[in-house]
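Peer 1: Got a structure for you, written out below as structure tokens; questions coming shortly.
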């Protein structure tokens, strides 16, 4: 990150009264909201990108301002550092960074990031590592065009401050104090980063992010009402209160289902009803062969399938499973400007009209251990609640969608429960079969207790599931 190595005061910081004329117009509204909260800090410390993004620099955020918040003793909110980004929204309105679409819609990506870090005793200046963290998230947004929403989660798999902390992942929520602002270039909202432990991330994945955020608000040392991140926190909310897992999370999944509609995963599938030498249409989704690309219409249908029949899930997300970090981020999928399942080269290699939907007699599903461990959640938290769940391969365009009988837009039917369109497989499972699979797959809840490879088979259903080592997916010809 080419930013100043330490916080530095803005060269010509704003003073009370009219904004300085050199301020980018889109910055006024954001800065005004900061002034509303911190009128005594008109010239905050900032971390500034040395070479601006629009001049070829690597960091999309022009600035990260850092304020000292006294918290709220009456609400048991401790003193903390409050970080606010500038750059995900449109600061300039001249298309140098964001396309200007007018004042009525979102400004740029429509949001800025904030972060609240507990102030350590005797700490006189804010640590600057949160600015790098925010730049990492911003790079992901700019490169993927995936926007974040409240309740989203980010799998980081590393202490946020590069220490030995258990706080290694993030949830996102509305900043508890900062209100949406109208700028000349659109509306800007403020999404706060909340640091969480691995166990809390998993609970958010399995239930929903909003539910875990609400639990964090009820535990002062884990966030409290303003969701302040304490990098020294050594216990999860489930260790602090062991009843939360069973009484809130497990019951929440049983009652509400899971909001997790899909994951990027190491997965593949084979059509066992087709002889290996038959290359007609597409058996190319097998490991070790060249994957056929999803057409634009296919990706559009997958996106619509992920949205329909899910009125209670307004924001389906596609987070990753154990993918390699890119720019510090495990590409968690949030609602996107472009297709959630669209790869960089997903333009159709074969015309859409020439790829027919095939009904398959028998299929073999293949997952690595981490993605396979989510199958019970897929069945219990999604299909038993009339929903769907999609595994999207991180190595190609292969997609596997499990659907229940109530999901609209599926091309798998009860008469033909296995159907494929190019590399996209849909599997329709009845409630009765789901219940049976849950019994047979019980040991997936304790993956450390079995050795790989592991195979499950339902011959009368002509379905086989294999849990395989990562090496099979990392080295296709292994």
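Cβ atoms are placed via backbone N, Cα and C, with glycine included.
Automated prediction, rather than curation, is the source of TrEMBL annotations.
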Peer 1: Region 'Disordered' per TrEMBL sits at which of 217-248, 313-344, 345-376?
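Peer 2: The range carrying the region 'Disordered' annotation in TrEMBL is 313-344.
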Peer 1: Look up region 'Disordered' in TrEMBL and report which of 181-210, 271-300, 391-420 it refers to.
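Peer 2: That would be 271-300, the stretch labelled region 'Disordered' in TrEMBL.
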Peer 1: On the 0 to 100 scale, where does the mean pLDDT of the domain 'Suppressor of fused C-terminal' (248-467) fall?
Peer 2: 73
